[in-house]
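Here's the structure we're looking at; comments come further down.
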Amino acid sequence: MAAVPVRQRCGSVSPRTQLPPCYYEGYLEKRGPKEKASRRLWTCLCGNSLYFFNNAKDIHYVEKLDLGGFVSLKDDSSRDKNLEAARLILRMKDGETKLTAPNLESRELWKGFLYSVTDLNVPSCLTLLPGQLQMLKEVVDKERSRRRSRNPGRAPPSPLSVPLVGEIPPCFRPVSRTEAEVLLERHPDCGNMLLRPGRDGCSLAVTTRQDLNGSVFRHYRVTQRDQGGYVIDVENPIPCATLHEVIDALVERTAGTLQPFLLEEPYEENITYVSANDENGERILHTAPTSPLPKAPALPPKQDRWCSSPLSRSPVSDRRSRTASPVPASPTNPMKRLVLSPSPLSQTLNEELKKTLEKRRTSQE
């Protein structure tokens, strides 16, 4: 039997109806941290917990796994005797649980539902259809409403009632003590120390995580002084002028073992949009093209009708251009010497030509 989204059951009251709302159910093979063999159990995701039954008709669960200590979820690429099976590793604060889904599609759906109830956000890193993403969105809304109704008087986690002095370090996270531990354990490569609001709302706290045969968490109170600045409340208090100095002091006193927690939030790599199909009206998620749209060809520049060109030059201008202006008087210009200072030979020829013309004129008379 394949895993299916759950519809509300009608009928007599049974122990199952006393459980939180069931969002997803189906057969999974489960092997806990202390188990040597896997068991095939009917698994129900109810609220923020997994309930395991021997079969789909049982009304009493045999095991419960609270997802409050959720750390990470990753695929297991090891081979199974069933070639279509898809394995999954569910990592919790107290150990790892190995799950095996019937096929890859079922594994993706289980991952989607698990991420939705633990993070209260629809995951964007899975390959799911638009209808499946819509189901996950409804689950997130239902789980948020369930948690609000369960704790109606609960305030937001650790609000600060005092203004902070100076710039806030990038390792500050508005999370509770438990959420800080889960965040540090889930992302060990991003640092092992974060600053958060204190439980009383009037102070701050630094949460650290180190590995010593398992996770070791420490919490340090940071209070604001009346005269300004902060102090790390340890046996020998450490005064600091700003919150940045609080983080720097912990880094220096641990010889760099503690490093600020800097989590890079994921961003989308492609532009997506939702539009309705013209034929059936179904809304579909589309990916915008990555290549730029072709640009329209540029028009040639408009020429001025009065601008001069080789074809529009008049004969008058040509004649004027051919009439050279007098050569400027310059001792370095050889053309001036050629025109103004003729050679003796040219003078002799000119005189002989004049005499010849005079003789011819006299003979004609």
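Each residue, glycine too, has its Cβ placed from N, Cα and C.
Per TrEMBL, these features apply:
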type     : residues : note
DOMAIN   : 21-119   : domain 'PH'
REGION   : 140-160  : region 'Disordered'
DOMAIN   : 163-267  : domain 'SH2'
REGION   : 284-365  : region 'Disordered'
COMPBIAS : 291-300  : compositional bias 'Pro residues'
COMPBIAS : 351-365  : compositional bias 'Basic and acidic residues'
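For the domain 'SH2' (163-267), the mean pLDDT of the prediction comes to 88. Residue counts for the domain 'SH2' (163-267) under DSSP, split into helix (H, G, I), strand (E, B) and coil, are 24 helix, 31 strand, 50 coil. Shown for the compositional bias 'Basic and acidic residues' (351-365): DSSP residue counts in helix, strand and coil, namely 14 helix, 0 strand, 1 coil. Using DSSP to sort the residues of the domain 'PH' (21-119) gives these counts of helix, strand and coil: 19 helix, 48 strand, 32 coil.
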